[in-house]
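Heads up: the structure comes next, in structure tokens.
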Amino acid sequence: MLWIFLIILLFVLIVLRVPIAFAMALISIIGIAANNVDLLSNVPRSIFSGVNSFTLLAVPLFVLAGEIMARGGISQRLINFSKLLVGRIPGGLALVVIISSVFFAALTGTAIAAAAAIGGMLIPTMLREGYDKGFTTSLIATASTIGPIIPPSIVLILYGVIASVSISDLFIAGFIPGFLMAIGLIIYSIYVGKKNNYVIKDTKFTWKLFFKSLKDAILALMMPVIIIGGIISGIFTATESGVIAVFYALIVGIFIYKEIKIPDLWGIVKNTAVTSTGILFLIGSAAIFIWYINYESIPTQLMNIMGFAAENPLLLLLIINIILLIAGTFIDTISAVTIFTPLFAPMIIAAGVDPVHFGIILAVNLTIGMVTPPLGVCLFVVSSIAKQKVPVMFKHLFPQVGILILVLLVVTYVPQVIMFPVEMFR
């Protein structure tokens, strides 16, 4: 069968470091041409229909909002607030990393931004306080994976667009797995903190300091409350919330915190354009890929190949989880979403699994790949900041990845954990 050869070719091209957008477009065009289908009409139409989505406008808007907030002075304020809350607990700075990652997740929706911002500020402090370098860097990397899970999440937006699933439902479902990841890492960090006597020596708590720190951080903390609250309550859509996020971030960064100057906006917009263009180019290529796999009825043929597994949702989810865990170590998260959503979503829906449930499984699974060797991108971001080699992290990295996999299993096989809030708001 030609499509099997083309899917294998796709992964060969990925291993050879061909950009995934080009690889998907190439194998799709070969498949379309081999079936004697009109390329000139179907390929442009597929690309246009793929990116011609009101919901997709949320992607550059949230990227822009994240860039503004990252430059707008909120990073240190959030870290100071987190440090005051949990600094006195054993492993306090480790808990600051995790709580700050939760805050950043609700602001930027990306793991790399959180890893870079938190790593740049907390790695020197943690090492100065005597924290093990491998523990410090591995924790910052794994905690950053909360970013694509807690809304607003670019990964969930892309999945929702490709699979035609409600973005609001995905956002509501993303909270609990994100918090479960944070809780698991907190428990591990407290254990390591007690074992190694990691305590911040100069941290004291007073209500005066608490309210001062809260005053500094409150505007940053209010942004996710406004955005997510508005989406859940139905006041505005995910795309409209992106517009609100941009204006809110601009007002806070320029007029209140006064950390952003007008000349800085050019660099912010340029970075946003580069990031967003790459994502939208991927979506356009994915649209051709989706057209081709639907033309060939590949999801149906995959179900026939899997046989009995396709009739057992639990076994099917296990097989797909294993495939995604392996693929996630080699393919970046956004690219993996564009490849695997059109392949697996129809199979999952046919097996009776809620597409919202599968979207969260997909997101949690692929974010684990961001901290799994050999190509875990967050590992390289943090290692470059700390100026150390990635293997230094392995001793503490594997228990932390084990915690994330445990959360993945809970999300996969106890769907009520994430679906009950969705059902409440439907």
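Using the three backbone atoms N, Cα and C, a Cβ is placed for every residue, glycine included.
What TrEMBL lists as domain 'TRAP C4-dicarboxylate transport system permease DctM subunit' is 7-416.
What TrEMBL records for 47-65 (among others) is transmembrane segment.
Residues or ranges marked as transmembrane segment by TrEMBL: 85-104 (among others).
Per TrEMBL, the feature transmembrane segment maps to 110-127 (among others).
Residues or ranges marked as transmembrane segment in TrEMBL: 139-164 (among others).
Per TrEMBL, the feature transmembrane segment maps to 170-193 (among others). If you look at the transmembrane segment (170-193), the same-chain residues 6 or more away from its ends with a CB under 8 A from one of its CBs are 89-92, 94-95, 97-99, 101-102, 105, 135, 139, 142-143, 145-146, 149-153, 156-157, 159-160, 199, 228, 231-232, 238, 356-357, 359-360, 363-364, 396, 399-400, 403-404, 406-407, 410-411, 417-419, 421-422, 425.
The feature transmembrane segment is assigned by TrEMBL to 214-236 (among others).
Summarising the annotation, TrEMBL assigns transmembrane segment to 242-260 (among others). Only residues 6 or more beyond the boundaries of the transmembrane segment (242-260), in the same chain, are considered here, and those with a CB under 8 A from a CB of the stretch are 57-58, 60-62, 64-65, 68-69, 71-74, 77, 152, 219-220, 223, 226-227, 230, 236, 268.
If you look up TrEMBL, you'll see 272-293 (among others) marked as transmembrane segment.
Among the features that TrEMBL reports, transmembrane segment is placed at 305-327 (among others).
The annotation transmembrane segment is assigned in TrEMBL to 334-353 (among others).
The transmembrane segment annotation in TrEMBL covers 359-385 (among others).
Residues or ranges marked as transmembrane segment in TrEMBL: 397-418 (among others). Sequence-remote contacts of a segment are chain residues at least 6 beyond its ends whose Cβ falls under 8 Å from one of its Cβ atoms, and for the transmembrane segment (397-418) they are 134, 138-139, 141-142, 145, 173, 176-177, 180-181, 184-185, 188, 314, 317-318, 321, 325, 354, 357, 360-361, 364-365, 367-368, 371-372, 379.
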Same-chain residue ranges lying at least 6 outside the transmembrane segment (214-236) that approach it to Cβ under 8 Å: 69, 74, 77-78, 80-81, 103, 106-107, 151-152, 167-168, 171-172, 244-245, 248-249, 252, 256-257, 425
Stretch contact, the transmembrane segment (110-127) with the transmembrane segment (359-385), Cβ-Cβ under 8 Å, 3+ pairs: yes
